[in-house]
Amino acid sequence: MRSCSWRCDCTEHDLAKDRTISRLREKLHSLLEQTKKAEPTKPLKPPLPTIYVITPTYARLVQKAELTRLSHTFLLVPQLHWIVVEDSPHRTGLVSEFLSHSGLAFTHLHVATPHERKLQEGDPSWLKPRGAEQRNEGLRWLRENIRSQEGGVIYFADDDNTYSLQLFEEMRWTQRVSVWPVGLVGGMRYERPIVEQGHVVRFHTGWRPSRPFPLDMAGFAVSLRLVLANPEARFDGDAPMGFLESSFLQSLVTMEELEPKADLCTKVLVWHTRTEKPKMKREEAMQKQGLGSDPAVEV
Amino acid sequence: MQGMTKPKSSTGDAEKTRHPRRGADCVTVDAAHHSVASEHHRPPAHYPKGSEVQREAVPGPDLREYCSSDKDIVEVVRTEYVYTRPPPWSETLPTIHVVTPTYSRPVQKAELTRLANTFLHVPNLHWVLVEDSARPTALVARLLHETGLNYTHLNVETPRNYKLRGDTRDPRIPRGTMQRNLALRWFRETLGQNATQLGVVYFADDDNTYSLELFEEMRSTQKVSVWPVAFVGGLRYESPKVNGAGKVYGWKTVFDPHRPFAIDMAGFAINLHLILAKPQAYFKLRGVKGGYQESSLLRELVTLNDLEPRAANCTKILVWHTRTEKPVLVNEGKKGFTDPNVEI
């Protein structure tokens, strides 16, 4: 498309398109001028602490769908850095491609769960704690790459939960460890810390309330500073069922030090949703006949 | 029935923000649709170039591909956007009217929350949320209001089967049918007067997963456009069959591929004009065999030959028929362990 310079008033070449372009250029230029003029008068705001979201993920049919809808939430959160850690000996093409088109700031890591810690086919999901190695790998990357004077908070977000936007603003200014209710977990509508006079005094949970920290992975965030100050703090993959969170938190904080968020832990801003495994009986039958769907079409 | 609420004006009082990427048409040089990575999103200088792959946030497609080479036209204007607000309304883009039937159950708020977080990225989206309820509920009303989306909140209750226990709905009426039909009626009664409006109607259930690309694929629908859907029919995906001339000639499904339209609700979109031009076309309420719901409407509107294949001639998956597990609330017991006033 032919075009003229922005100073041209287009009287010399009478093309309607160029007149439109010329008019739009003028408007654009004046908007730019306005923006430049406006900027010095805006009060300088302190930079937002970055929220480092660590998401372990593994290949299965719904993986791309889960990551897709998760990314839509994260795109709406300012100053968020997504650390995706695949349970895999190498980075997969699916996740690599997905992240590069997501529009998010990200780090793509991977570490394979040792065989004996992996759930086997038919194991119930609660049998072995999952994601410990991957979350630890995320912590390792942060420890090696981020300096603590930047502030920042770390949140462990599994790829099938549901997160409200407000949750991220609640956690952003965490000093040590902040906590809040989680919906649809522990066999109940929600689990939550009980707060009295601004401090957590005990936990409302349906299962083993005597655990050091009977809360779900989605129910707390840790300041980057605290993690960097405690280089040994990590998730214990051999911890008994339900103790994974405690294995990490007990070396970092006491119950009294917890910072209650979400209206003193009375609002549910995150839900422990789980996605059904899609039924593949027909697909499997077709594949036996050599008539399965095109594997080159990525789902 | 409620009127359509206009989108809220962006207030620009929040921090400097970044508008997420858009596959927008660059012909309208609407600066608001473009964005640039702001200072906040550049990583600190000491990010190492290591074996790990990392990247700062940048806008998606390179808009320079679509526009002329003049730097000043293509140059993006920094605009103050409030995060969590939808893109500014465009006078030229066709509106996508998304019809979502919904019903009360423990995961409802979660489903609608993450759905809204997807819709907040789509320009000119009008969400028509239809509750299966006798009255609009406060939960849904509050949620819709807080999203900032352009929405219409409707409700109609599917009759309960009084022969069965209490709350079981009539199994002869497929779930969502009355709600979708109410939306169709609303379009005809509310938008019927303004014949020049450009729009597309899409039926989006509240537990599916939608890519952003899908909405741009459907926006240009002339009559009815179609595309593959993952995880339906017991397959990795079902898809229309498209011939070399770009025409749909059949259906790649195992379950009853001889249905007139062997396609899932999530696999098609309809031009609003077609809905308005055929005011008698509704989803059939009763006597519909399993899998024939979609056909019951589409056969009133188009023939196979009219269908417009999208998603690279129906070779890409842009929507997934995900289903959410019903949470086990075993520890609530008979009387309820948690405070019912805490909304989930």
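Here the Cβ of each residue, glycine as well, is placed from N, Cα and C on the backbone.
TrEMBL entries are annotated by machine, without manual review.
Matching B:ASP132, B:ASP256 to the UDP-alpha-D-glucuronate binding residues that TrEMBL gives (B:PRO101, B:THR102, B:TYR103, B:ARG175, B:ARG180, B:ASP205, B:ASP206, B:ASP207, B:HIS321, B:THR322, B:ARG323) identifies B:ASP132. A sphere of 10 angstroms centred on the C-beta of B:ASN313 (N-linked glycosylation site) encloses 15 other C-beta atoms. When the alpha carbons of B:PRO101 (UDP-alpha-D-glucuronate binding site) and B:GLU294 (active site, proton donor/acceptor) are compared, the span between them is 15 angstrom. Distance between Cα atoms for B:ASN331 (site 'Interaction with galactose moiety of substrate glycoprotein') and B:THR322 (UDP-alpha-D-glucuronate binding site): 26 Å, as a whole number. Cα-Cα distances to B:GLU238 (site 'Interaction with galactose moiety of substrate glycoprotein') place none of the recorded positions B:TYR103, B:ARG175, B:ASP207, B:GLU294, B:ASN313, B:THR322 within 10 Å. Between the CA atoms of B:ASP207 (UDP-alpha-D-glucuronate binding site) and B:GLU294 (active site, proton donor/acceptor) there is a gap of 18 Å, rounded to the nearest whole number. In the structure as shown, the Cβ atom of B:GLU294 (active site, proton donor/acceptor) sits within 10 Å of 21 other Cβ atoms. With every protein chain in view, the residue among the recorded positions B:THR322, B:ASN331 whose Cβ has the most Cβ partners within 10 Å turns out to be B:THR322. Looking at B:ARG175 (UDP-alpha-D-glucuronate binding site) and B:ASN313 (N-linked glycosylation site), their Cα atoms lie 30 Å from each other. Between the farthest pair of Cα atoms in the UDP-alpha-D-glucuronate binding residues (B:PRO101, B:THR102, B:TYR103, B:ASP132, B:ARG175, B:ARG180, B:ASP205, B:ASP206, B:ASP207, B:HIS321, B:THR322, B:ARG323), the distance is 20 Å.
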